[in-house]
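Listed in TrEMBL:
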{"type": "DOMAIN", "residues": "28-136", "note": "domain 'BTB'"}
{"type": "REGION", "residues": "1-21", "note": "region 'Disordered'"}
{"type": "REGION", "residues": "142-163", "note": "region 'Disordered'"}
{"type": "REGION", "residues": "426-478", "note": "region 'Disordered'"}
{"type": "TRANSMEM", "residues": "184-207", "note": "transmembrane segment"}
{"type": "TRANSMEM", "residues": "228-249", "note": "transmembrane segment"}
{"type": "TRANSMEM", "residues": "261-283", "note": "transmembrane segment"}
{"type": "TRANSMEM", "residues": "332-353", "note": "transmembrane segment"}
{"type": "TRANSMEM", "residues": "395-418", "note": "transmembrane segment"}
Amino acid sequence: MALLPGHAEPPGREPGVGGRGGGAARARHVIINVGGCRVRLAWAALARCPLARLERLRACRGHDELLRVCDDYDVSRDEFFFDRSPCAFRAIVALLRAGKLRLLRGPCALAFRDELAYWGIDEARLERCCLRRLRRREEEAAEARAGPGAHEAQESPARALGPGRLERGRRRLRDVVDNPHSGLAGKLFACVSVAFVAVTAVGLCLSTMPDIRAEEERGECSAKCRNLFVLETVCVAWFSFEFLLRSLQAESKCAFLRTPLNIIDILALLPFYVSLLVGLAAGPAGSKLLERAGLVLRLLRALRVLYVMRLARHSLGLRSLGLTVRRCAREFGLLLLFLCVAMALFAPLVHLAERELGARRDFSSVPASYWWAVISMTTVGYGDMVPRSLPGQVVALSSILSGILLMAFPVTSIFHTFSRSYSELKEQQQRAASPEPALQDDSTREDSTRSGSASAEDCSQGPEGGDSVGSTRGAAGP
């Protein structure tokens, strides 16, 4: 068994590192070697070290216990080796020296969190700005895991060893349907899909023309109405075919149906099939049934505007907008809170100023003044309700200035989130278009990080030279 510092030597052996006599002088400090970054620590200071793993190192009594804490050790030099990230450990050393733990810009925030868990450091020791950055990165990672392609990234071992013919076909289908940059087939599929969305939008606009609406109310069907129905049928058939292809290439059907864009597809396709089934069930003598279901069918047909949301599959800007809305739910709630508080303040004031002190009767009640407060604070100003008295104009000026200021506060955070979301999605799109260069860039970045960490100065030159953390602070306690 190797002799550990601070323990009594076994009988029959000469005084060693942790023995009595002359070895006690050398046992006052130990070296922690993490990937080439060497730090000298006072052996007594390990008992009060904020790194729980190093604190456990002092309590080890044997070879097996020691190897459960570190990866290797050298008794002759009192050096313990840990096969962990030296870049992250240099940031952790700052906790021992200055009592402050900061998240560096270079390493991944999630990898740094794993390093903290390995060394037994509570995340609450991070500075507030760094902790916010870590929490934001965790939220982004959770969104990526819950995304539409998250289940596809978790491949089974059998599939990873050698995909079969079915899996290869599913991957090709996935590239054609979801990745327009995969090749000519993907680009053609995306162009056809966008064209059908545009045709559907034009058909929806034409179906609201007064002459066609009059024919529908009279129960007639002219050639124009019949052509619009054929056009809608063709578009719905294509959208149904596209939805079927997407469901076939999905590995988890439940996760596929929970995706927001797929839910929108179902809601957009549902009105056509419901109207068709109701018409077939009613038959030629079911006019009363159609009259009763007329309002419901018209409401369902209004859901056809959701076809426009299908453009988000092929538009990077629309996907960035949706991602920003998900990430900025708190900011949007804060914006709504500011608006409601200011509206509850200025609506009674303008009602009092105009109703009691002015001659105008537009502000008949406080609820009616709420509408004026909303359009004034958002600087829309329809002009349907205008304060005429001097006190009312002062209240109007205050509400407009307050609206500009209150709405500007959350908008700044929303803008930065949109910019970050757009950059992330653009990088993902570039990696999907050219996976091999992306992998090379990642490997090059890792090599540069490793070389930079290896070429950095050691925290200590050896067990005898250089300043030690324990000696500079006297103790490595928190």
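Note that Cβ sites are derived from N, Cα and C of the backbone, with glycine treated the same way.
Those TrEMBL annotations? Automatic predictions, nothing curated.
Listed as Cβ neighbours of the transmembrane segment (332-353) (distance under 8 Å, sequence separation of 6 or more from its ends, same chain) are residues 325, 363, 365-370, 372-374, 376-378, 387, 389, 391-392, 394-396, 398-399, 402-403, 406-407, 409-411, 414. If you look at the transmembrane segment (228-249), the same-chain residues 6 or more away from its ends with a CB under 8 A from one of its CBs are 170, 173-174, 177-178, 192-193, 196, 199-200, 203, 206-207, 212, 221, 256, 262, 265-266, 268-269, 272-273, 307, 310. With a cut-off of 8 Å between Cβ atoms, the residues of this chain six or more beyond the transmembrane segment (184-207) that come close are 175-177, 228, 231-232, 235, 238-239, 242, 304-305, 307-308, 310-311, 313-314. Residue counts for the domain 'BTB' (28-136) under DSSP, helix first, then strand, then coil, are 56 helix, 21 strand, 32 coil.
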